[in-house]
Protein chains: 2
Amino acid sequence: MIRDYVKEIVKIIRSTKDADKLKDLLSDYHEKDIAEAITQLSGQERAKLYNILDIQTVAEIFSYIDDVQKYLEELTIDKAAKVVSYMDADDAVDVLDDLSENKKNEIVNNLDEVTGKDVRKLLSYEEDEIGSWMTNNYVSITDDLTIRGAMSELVRQAGKHDNISTIYVVDKDGKFAGTIELKDLIIARENDNLSDIISSSYPYVFEKEKVSDCIEKITEYEEDSIPVLTMEGRIAGIVTSTDIVEMVDDAMGDDYAKLAGLTSEDDLKEKTFVSIKKRLPWLIILLFLGMAVSSVVGMFESVVAILPVVICFQSLVLDMAGNVGTQSLAVTIRVLMDENIDAKKKMALLFKEMKIGLLNGASLGLMTFVILGFYIHFFKKYVWMSAFLISGCVGISLVVAMVISSLVGTIIPMFFHKVHIDPAVASGPLITTINDLVAVVTYYGLARLLLINIFHI
Amino acid sequence: MIRDYVKEIVKIIRSTKDADKLKDLLSDYHEKDIAEAITQLSGQERAKLYNILDIQTVAEIFSYIDDVQKYLEELTIDKAAKVVSYMDADDAVDVLDDLSENKKNEIVNNLDEVTGKDVRKLLSYEEDEIGSWMTNNYVSITDDLTIRGAMSELVRQAGKHDNISTIYVVDKDGKFAGTIELKDLIIARENDNLSDIISSSYPYVFEKEKVSDCIEKITEYEEDSIPVLTMEGRIAGIVTSTDIVEMVDDAMGDDYAKLAGLTSEDDLKEKTFVSIKKRLPWLIILLFLGMAVSSVVGMFESVVAILPVVICFQSLVLDMAGNVGTQSLAVTIRVLMDENIDAKKKMALLFKEMKIGLLNGASLGLMTFVILGFYIHFFKKYVWMSAFLISGCVGISLVVAMVISSLVGTIIPMFFHKVHIDPAVASGPLITTINDLVAVVTYYGLARLLLINIFHI
């Protein structure tokens with residue numbers, strides 16, 4: 001019942017001798033599946049295929065291949081440039097980015113004039129600017145057409161451009177004047193006015209806007225495409241919903257990476273040295289902050305010298321504070337990503353996180369008190385009274401550390417957000433350190449006060 | 001230059017007395033902007049607006065409101081049900097999920113027959129099944145039509161359905177037979193065969209497939225919509241690219257949450273108790289694992305009793321091992337999400353992570369050796385020889401712990417992935433614990449051997 005398209009395609013390519021028939025059979029499949037099939041063929045089989053398929057089809061197939069360098073190198077420079085020329089400008093840029101600097105320049109210099117200009121334009125944007133995501137694959141008409149005129153202009157442009165569900169309208173100065181839903185154009189009567197189906201208040205972004213600043217907005221409109229305007233109000237290109245899927249994936253992937261202390265997302269293809277550069281800065285900062293914690297622990301050496309059993313539970317208190325802090329941090333960062341959050345909501349979040357910290361801390365503190373009491377009595381051979389005093393110390397420290405960690409894990413990212421520093425990057429190490437310090441001081445301080453000074457265990 | 005649509009809308013609603021004119025003016029704006037404007041109006045102003053706008057428009061606007069309960073309650077049950085009836089089934093379900101159980105049932109019982117059936121159908125899927133994301137908003141035609149017949153069928157259905165860029169084709173048994181790109185239909189000549197523009201090998205998913213299993217596939221095809229089939233091969237509905245954006249956002253959000261030890265994503269609206277339930281299980285597991293680590297630390301009490309200074313640096317070694325393990329975990333999970341990873345690539349990843357662990361560990365170990373040596377000499381008053389022996393112990397432990405942490409942070413998620421347990425959920429606590437144990441044993445073991453047994457500091 002479930003068809004394996006890729007297998008079918010490989011079989012067809014291997015068994016069909018007649019070029020025209022092969023072309024016809026393949027035309028029925030999705031380019032993404034052909035792309036996957038291609039990676040399973042031998043170099044010779046591929047060479048045969050490249051000759052049979054027209055350049056436009058090869059271009060569409062290649063835009064679905066992840067690691068395209070190897071396959072582009074099987075073509076002559078001239079043919080490779082033609083293939084890239086047929087791609088949407090943003091796909092072309094993605095492919096070029098996979099190549100070595102040499103190969104890339106060689107191909108860029110051989111692109112046809114229009115694509116070359118488009119590609120150079122796209123390459124001129126910073127990676128985090130929305131302009132670097134856009135494509136020229138859209139239909140645009142002027143606002144002075146009739147319904148019939150618009151329809152025939154659409155038919156004319158649809159040959160080259162396949163994002164047709166939203167048609168872009170420009171005024172006589174070439175400025176963006178609104179959009180027409182293709183659906184409305186199709187069901188319109190011939191005598192209707194074009195202006196009646198133009199929505200002139202369609203959302204847009206500017207080419208230099210940062211992706212992180214406008215991604216929330218773009219996503220919320222739930223449109224198939226959004227126009228990207230120059231500062232003068234002309235259409236520079238559009239971003240489509242498949243681009244938006246990728247943008248969301250990238251943005252979330254970066255936040256995910258940052259939570260783990262990587263400066264940005266990492267992948268298998270990346271050189272070891274690049275990965276090290278992404279991770280080392282973080283680790284060095286953490287090392288120095290860790291040394292600061294060490295020197296505070298050092299102040300309690302005397303407690304440990306008198307009562308060595310307390311060191312057993314240091315890692316427990318510190319780890320739990322760290323875990324709670326990370327939970328609060330993750331929640332707060334996701335809430336902050338929603339721009340519509342006001343001071344009242346922030347206070348609500350803070351209060352909620354504290355409440356969660358207190359309730360979770362109380363449950364865990366109580367469990368710790370009971371379990372460790374028995375453990376210390378039976379395994380560490382302390383009398384019942386001392387055993388429960390020590391476990392009580394750990395339990396109370398847990399509650400205090402967890403409440404404060406929740407607070408710190410909420411306030412620090414809010415602070416960084418307020419002063420326009422990316423909270424996902426900056427918060428992690430600071431929160432870990434503050435939580436470690438609080439946990440150490442609470443735990444050893446309480447141990448010194450309660451166990452040594454008051455009860456003289 | 002930059003227009004504030006929301007402000008404009010609020011102004012228009014407040015200043016326009018004539019109902020028809022208001023309706024006309026608003027028709028120009030995007031429903032998402034009207035939705036935002038509505039939340040800024042007074043209840044009275046909204047009541048006026050609800051009367052002027054037709055139900056379909058209210059439905060579209062309401063599908064963009066996040067916290068829709070409050071606004072639905074401003075309508076009579078009858079009108080609320082009508083509004084929900086006009087929504088796409090998936091939007092309707094989203095809205096209903098926001099309501100209290102009572103209100104929800106009341107509205108479901110008042111829905112028109114078709115929507116009621118669709119909504120109940122959607123509610124029958126599990127939350128993680130792709131079926132729960134689909135919509136009935138698509139155009140479908142039979143495969144025996146002519147080009148002209150297909151076009152007029154499209155025009156007929158486009159009034160009700162606005163996802164028209166891909167037209168779905170069914171055979172005489174009502175089974176999914178392929179798709180037609182609207183673009184191809186528009187540019188086709190009247191005498192062409194419809195079958196020539198049908199792509200019969202279009203990607204599809206089954207209604208009961210888990211979102212996490214097919215999201216990668218769906219995303220890679222980069223299509224505007226993908227059909228969801230029943231086991232018999234009929235079209236149950238489609239998922240559109242805006243649904244896919246949300247799916248990716250959700251899936252990544254969940255992975256992000258899991259990395260932080262939350263069972264799934266949390267938000268501001270959620271009740272405190274629900275949030276506690278999401279976090280407590282993790283914390284309890286971590287508590288018990290932490291106790292295991294504590295008992296191992298306890299085995300080294302004697303080392304601490306002789307040389308209390310070593311406890312200062314326990315947190316340093318443990319924290320650094322934890323940080324490195326989390327980095328490797330985050331990278332590995334993202335790599336595993338790509339289904340095309342084979343054994344060779346896994347080995348490559350493992351090797352790379354170890355190399356990074358070793359190189360980063362060596363840099364940090366060396367820094368630690370030098371800095372702590374001076375620190376221990378000057379602040380802890382040990383002679384140079386002893387100071388550098390102690391800091392050397394910390395440095396070597398760092399290198400060992402970081403290499404092993406990288407390994408553990410890579411192997412554990414791969415193992416869970418292999419046995420089909422979600423690595424993002426299961427890996428965190430296990431990795432932390434193993435890394436803690438390795439770090440403790442290495443550090444205190446080395447301290448006992450080197451500092452006490454050999455050099456008798």
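Counting begins at 1 with the first residue displayed.
Including glycine, each Cβ sits where the backbone N, Cα and C put it.
Those TrEMBL annotations? Automatic predictions, nothing curated.
Annotation comment: TrEMBL describes B:134-197 (among others) as domain 'CBS'. With DSSP states grouped into helix (H, G, I), strand (E, B) and coil, the domain 'CBS' (B:134-197) comes out at 22 helix, 16 strand, 26 coil.
The domain 'CBS' feature in TrEMBL is assigned to B:198-256 (among others).
Same-chain residues lying 6+ beyond the ends of the transmembrane segment (B:280-300) with a Cβ under 8 Å from its Cβ atoms: 261-263, 314, 428-430, 432-433, 436-437, 440-441, 444-445, 447-448. The transmembrane segment feature in TrEMBL is assigned to B:280-300 (among others).
Feature annotation from TrEMBL assigns transmembrane segment to B:357-376 (among others).
Here TrEMBL flags B:382-408 (among others) as transmembrane segment.
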Residue numbers, six or more beyond the limits of the transmembrane segment (B:382-408), whose CB comes under 8 Å of its CB atoms: 309-310, 313, 316-317, 320-322, 324-325, 328, 350, 353-354, 356-358, 360-362, 364-366, 368-376, 431, 434-435, 438-439, 442-443, 446-447, 450-451, 455, 457
Residues in the domain 'CBS' (B:198-256) grouped by DSSP into helix, strand and remaining coil: 27 helix, 18 strand, 14 coil
